[in-house]
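Asker: Here it is: the structure, laid out below.
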Amino acid sequence: AKCQCKLPQRERTNCGYPGISAAECKKIGCCFNASMPGVPWCYTPKPKKVKKVCPNDPYARINCGYPGITARTCQRKGCCFRSHPAGVPWCFYHRVTEE
């Protein structure tokens, strides 16, 4: 993503080799910006920001527990707990989404 390449020049970490082309740099998953001399032109992007969310759709839940699991035990396992509706897992895994 473009926002991952918006880095202050002093924070750029070299990602390629001297003389690497923009196409080759991007092919290996790096950012390319040749507008400033004296700093890496091919550099490592910022890591993606992700967050864990409990899915809202009860039918998208992936079971993380067992019948009769308590909310406390479920949350100790690092999972989501919602005791409704019937017929779907009440203890279920988070989904990871990009911010």
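Residue 1 is the first one shown; counting continues down the chain.
Keep in mind that glycine also has a Cβ here, set from the backbone N, Cα and C atoms.
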Asker: Pick out which of CYS54, CYS64, CYS91 TrEMBL lists as the disulfide partner of CYS80.
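Answerer: Cross-referencing TrEMBL, the cysteine bonded to CYS80 turns out to be CYS54.
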Asker: Tell me which of CYS64, CYS91 TrEMBL records as disulfide-bonded to CYS74.
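Answerer: That would be CYS91, the partner TrEMBL lists for CYS74.
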Asker: According to TrEMBL, CYS15 takes part in a disulfide bond; indicate which of CYS3, CYS5, CYS30, CYS31 is its partner.
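Answerer: Here TrEMBL pairs CYS15 in a disulfide with CYS30.
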Asker: Cα within 10 Å of CYS25 (disulfide bond) is the criterion; apply it to the disulfide-bonded residues CYS15, CYS64, CYS74, CYS80, CYS91 and give the hits in sequence order.
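Answerer: Correct set: CYS15.
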Asker: Between the Cα atoms of CYS54 (disulfide bond) and CYS42 (disulfide bond), what distance do you get, rounded to the nearest Å?
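Answerer: Per the Cα atoms, CYS54 (disulfide bond) and CYS42 (disulfide bond) stand 37 Å apart.
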Asker: Sorry to bug you, but what's the C-alpha spacing from CYS15 (disulfide bond) to CYS74 (disulfide bond), rounded to the closest Å?
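Answerer: Answer for this pair: 42 Å between alpha carbons.
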Asker: Taking CYS42 (disulfide bond) as the reference, which of CYS15, CYS30, CYS64, CYS79, CYS91 (the disulfide-bonded residues) have a CA within 10 A of its CA?
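Answerer: Hits: CYS15, CYS30.
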